[in-house]
Amino acid sequence: MSIDQLESSISNLALDNDVDINPAGHSKKHRRSNRAFHSFTGNTPVGTPTMPVGVTFGGIPTTPGFNAAPPGFNANVASSPVTMNQEPIQQYPFPQPELTTTSHHISSKRWEDQIQYLSKAFDTSRDILPPLPTTQFYSVDQKSCDPRLMQLSMHKIPADEHVRSATKLPFGLTVQPFADIISAQESEIPVVSSNDVNNAIKPPLRCRRCRSYINPFYQLTYDLKAICNFCKVKMKLSEDETFGMDTLNYTASNKVELTKGCVDFLAPKAYNATPDVHPLPLHYIFVVDVSLLANENGSSYAVIDAIRNSVEYIMENQPNCKIAIMTYDNKLKFYNLRSNLESAQEYIVNELTDDVFIPFYNGLFVRPEESIHVINDTLGKISDFVRNQKYSHVPQSCYGVALQAARIALDTVTKGQGGKIICSLNSLPTIGYGNLSLKKDDNGKHDLNCNNEYYSKLSHNLLRSYISVDLLVTSAGFVDMCTVAQPVRMTSGNLKYYPHFRASEDDSMIINDMIDNISKITGYQALLKVRSSEGISVDQYYSISVDYSDRDPIIPVLTKDTTLDVLFKYDGKFKKTGVPVYFQTALLYTDINGIRKIRSMNCFGTVSNNINEIFQNLNENSIMRIMIKDVIRTLGDCDFKKIRESIDTKLIDVLTQYRALVSGNSSSQLVLPDCLKTLPMYMLSFEKTDLMKPNTQSTRGNERINDLIKLETLDSAQLQYKLYPQILPFHVLLNENDFTFYDANDKMLQLDQTSLENLSVRNGYHNLTNGGCYFIFQSEVVYLWFNENTNKMLLQDLLGVDANLSINQISLYSSYLPETGTDINEKASNVIKNWAQSVGKQSVPIKLLRPNIDAYYGYVMSQLLVEDKTINMIESFDNYLIYLHAQIQEKVKKEDYVKINGSSKSHETFHQKFVQF
């Protein structure tokens, strides 16, 4: 079918074949049955504005600014989260022009989801589908853990591989063990400890067969036995193990491990990472590039200032941790920080070998509180070298040897227990072991693998020693990031990239990024294991550290952002439907104070062979993450054009299965599953990332590798904001409650239902108003967009600048919003605070985004406006939907899809281990 024929045949093209409504105006006292989905009534007739190339989507306009508000939503809710119960969902045949849904637009869906959870808490025993990762909500742990900690991609689990393959979707889970949660109960994860007669810590109760940890789904019997929920083995309980249990009713009364889905068990000595060695508090070593180029652009001084602030943070918030300091150029410098010294002692090592010599150990690592005067003196002397001893600066950089020296120092002092390396780099390493030949980025190498033996070996040694590396790259020059950042990828570290570093703007970002990374650290020496009910097992962990295998991954240092995606495979077939399937993630780790713990997280799904039911209970976030991770895993020769085509094919296959097996709608309608309505937009945005740009001229550039590591390491909220930045207009009329916090803890941002249309801005250039003012959040930075036609009084109230000041003279001190005392300024502060909380940061910086003024304007806008067509001809979102629909029609017409009852035209192998979408 040609595109012209398609356009003429789909005047009634729709994104769903039925519209859910929910009667409005219910009293909060009138309780009704709980539902997994909630929708809102709309009672205003809607016209059909014209889309590009003349296509409409079921009466849902795509013109700028349109997003229908939910008039039926009752905003008069209690001041603390309570469960809001609503009428059963009614269904109407398409079309219903007087009712609209905007949930296929991400900008609207985020607000609608947040509004829903203003007045209810997520009950893990009753609610099924989790809120969006960008939604702030209160939760109640009722045997299953908070979905922010662990969530399944399918909550109705296909009975066998054949049924799963009919969805073309991956079955797995996403786990973020230390995600920030907002609990309606206790504020901390419960800690469970049991001691023997000698007051030594005993190991937690575990199944003798499958080694799962005791959890709320263990069954207790009248004869004091426990039945494992995973393998059904019975275990005799000792008298002390039954203490706290109601043996009469075979339930737990005050044993928290039998009532909560997530607990921390204190671990005995047998669980230590290094046998016969007592765990230590975390050790940090700061490694600073003081070569010529780093000193000239001011980045080395900014890193020194960041270390000074970080040491103060560690001293106040992690008082048991120890720190060390190193610098490097064409030699290594170590600093003795012993508390009994009056000033710093510097030791220089010129032999840059693989087995580098460490000149001393006593005084290399110290507690900041004990040696703060020596630390400050050391940082002062390094700063003096950077600023005043210019004739001593050299252009060479021995980055590879510096990392090796830091590893040896940590290994020796901690006896192999690990730690954290925080290192800066400004230029390509050119001297010593690990030196790289000076070269430009080109497309000579068609892969993104580390091909350097030295850095590959170093990365594996760091992993085995439980040492994680954070790297700050402060130059836009080619540094072969694919090689120098391999230790970061292998050890689950953080990569921060500051191209075109300018001290006046970026120094505050380096300071805050380093403190933010340190403040998020929760533990180290971690080993993760996922268990599931019989019939399902782990196929692969999406981690480069285990080469995407089913081996249990080691995580050297844990942070609040640490997120891991897991893919399952079928070992058999579930014989009964409706039965629960259990999942447990166990994380053995040492917290930053040196206490060994086991975090146990538990959840479950239920078996189904009903394809309709399975599609109604999908988790889009986990599905999207696994699809992206699988693309990264199979990048191969980096033919990004073919990779984009394969992504399109996977989406088309999924939607074809839904169209053929579930919706049963007419061919003139584009039908998306309710749970996957925004998946096409997210995957299209992924196709437009720096990672996926054409590689005709460049394959291993800094931007591509930086984007690769971001996509591997971002948590769910960060990833969604990166793929689809949030745009909020501040030039429109705001109601009193708009952008104010709904709850007493200042966690949930609210807006009036009447403001939803104006405040939901799609990420396309034609949706931006000339003379407008927008805050745009892209997971790490907030951009403030305005131009010469923006109201000067608005800018004065918002930024505290003179109304007569030219826009090219406006600047922000330290990249943060000033306090002006105005209402609009307070609302903006609330928005920025909410964004920071959503991605687990203490604060996020602001950068001005002004056309024809800021040098980075064009590049940044191309990343933000993901619905528009790109310069390398990747389609706009509207045209992308048209393309998907045409391909779906063609496959349905040919019956090219997997049928539930047997074979398909495509002759798919159902039991292959390769991920099927």
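Positions of Cβ are set from backbone N, Cα and C atoms, glycine also.
The feature region 'Disordered' is assigned by TrEMBL to 17-45. The annotation compositional bias 'Basic residues' is assigned in TrEMBL to 26-35. Taken from TrEMBL, the feature domain 'Zinc finger Sec23/Sec24-type' applies to 204-238. According to TrEMBL, the feature domain 'Sec23/Sec24 trunk' maps to 279-516. Annotated domain 'Sec23/Sec24 beta-sandwich' per TrEMBL: 523-603, in sequence order. For 621-719, the entry in TrEMBL reads domain 'Sec23/Sec24 helical'.
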The domain 'Sec23/Sec24 helical' (621-719) [mean pLDDT, rounded to integer]: 92
Chain residues in Cβ proximity to the domain 'Zinc finger Sec23/Sec24-type' (204-238) (below 8 Å; excluding those fewer than six residues from its ends, i.e. six or more beyond): 143-144, 192, 194, 245, 247, 250-252, 257-261, 265, 531-534, 580, 582, 584, 586, 598, 600, 602, 604
Within the domain 'Sec23/Sec24 beta-sandwich' (523-603), residues counted as helix, strand or coil by DSSP: 3 helix, 49 strand, 29 coil
Helix, strand and coil counts within the domain 'Sec23/Sec24 helical' (621-719) (DSSP): 68 helix, 0 strand, 31 coil
Secondary structure tally of the domain 'Zinc finger Sec23/Sec24-type' (204-238) (DSSP, helix then strand then coil): 0 helix, 10 strand, 25 coil
